[in-house]
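Per TrEMBL, the features are as follows:
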type: TRANSMEM; residues: A:12-33; note: transmembrane segment
type: TRANSMEM; residues: A:69-87; note: transmembrane segment
type: TRANSMEM; residues: A:108-132; note: transmembrane segment
type: TRANSMEM; residues: A:152-173; note: transmembrane segment
type: TRANSMEM; residues: A:180-202; note: transmembrane segment
type: TRANSMEM; residues: A:232-251; note: transmembrane segment
Amino acid sequence: MKTQLNWELNDHLNLLVFMFGSILTGITFHIHLLERGINFSVNPPTISQIFLESMRALGLSFPRLAEDIYTILVITGVLLSSLTLRYDKDTRLAMSIYSLPVKNYKLVLTKFIASFILLFLSVIIPFFLTLFYTYGDAPNLLKGALFGEGFFISYFMFWLLACVYVISLSSLIAELSPNLFASLLGGITLLYLPKILNITYLPPAVLNSAFLTSQTAFGSVAQKVLMLVDKAFVSCILIPLVLLGMTLLISEWRDVV
Amino acid sequence: MRLLKAILISILIITVFSLAIQEKILQKPYSQVILTGRGFVVPSARVILLNTNPKGGEYMIAIFDPEANKTIFLRRTDRPINKEVTLPHSGPYYVLIDSELPVVCALKGVASYPSKEILNIEYGMGGVSALLLAGIILLERKRNDKS
């Protein structure tokens, strides 16, 4: 399993998609950061209160799942999971992989984990890099916002949940579809549908609203993170787990076709 | 190893594009109107033109910089102010208006530019990732030659 994970993470095509995704997200994050400027009010205007509120405002001005960022995330995620789960079957390479004396579901689980790690890295590295490139000249406030106010762990959880949702749905589509093309088309369509139909209980809408409500609530950092997870529990933890279970079941039932 | 190389190449390309993008985007006009005490977050260092329009009576206006913990502009007067103020870094600032009668304070961007620290960070990060990448490639070549 470890060798396979290593092998999947160092695959040429996967890394090409990873680079495509991370460069596009990085540029989009930087554009969002530079175009954004938000106002905040402080009540009462004492020095300590100004400090606190300015750190909060700084944290809230970081980019979240805007339309273009979500599109890039979806395309990268679908490409990654289709390449790992479907492409080897199309090129007949899978014949030699799935005939190894390892259970099918273990192979598929490893592929799932590999594509998840790549997608998550392709979002989280550009996110903190561009943050540093924009607000790096205010190091005290940036540090205060990320660690003191707990925005680091909150944004980490936020992107983790988004990546879990994208990869789990696209893996199921990749496992079900007859070839690479169908998997790409089906995955992108299904992931983009909530955006077009304006469904508020599926990402990206549910994640954005969960993040805002949890951050504007009063409480400690742990409470805020728990509230974020709680608000997005059904769509970003329960549904992905069910989808992952279905993917593993289907991989056992449906052999290499 | 290949994953590490891919990450370094991505960081390098993002840095190059960031340098180009910030020049282009920071040329966009910037303005805002402040009626009472209010904070604002700017994404880059800039020079702004502060313009007030008092209804009469003495008033006080100040801009506070929470990063350096000091007031960068303070004026107590009963006349309109028309003055350029330099915001030395990106991030939040707070404008305090103390007046009996309403005062309209308009901030208009004159020039926006990435500050020296930001450019240092960007060049440093790009340079370090390029050096690391070169080091890894050289090491790999040496190992391949041996075997």
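Indices start at 1 and increase along the chain as displayed.
Heads up, the Cβ atoms here are built off N, Cα and C, so glycines get one too.
For the transmembrane segment (A:152-173), the most Cβ-contacting stretch among A:12-33, A:108-132, A:232-251 is A:232-251 (pairs under 8 Å). Annotation: stretch A:108-132 has the most Cβ pairs under 8 Å to the transmembrane segment (A:232-251), among A:12-33, A:69-87, A:108-132, A:180-202. Most Cβ pairs under 8 Å to the transmembrane segment (A:108-132), among the stretches A:12-33, A:69-87, A:180-202, belong to A:12-33. For the transmembrane segment (A:12-33), same-chain residues at least 6 beyond its ends with a Cβ under 8 Å from one of its own Cβ atoms are 61-63, 66, 68-69, 72-73, 75-76, 79-80, 83-84, 87, 114-115, 118-119, 121-123, 125-127, 129-131, 133-135.
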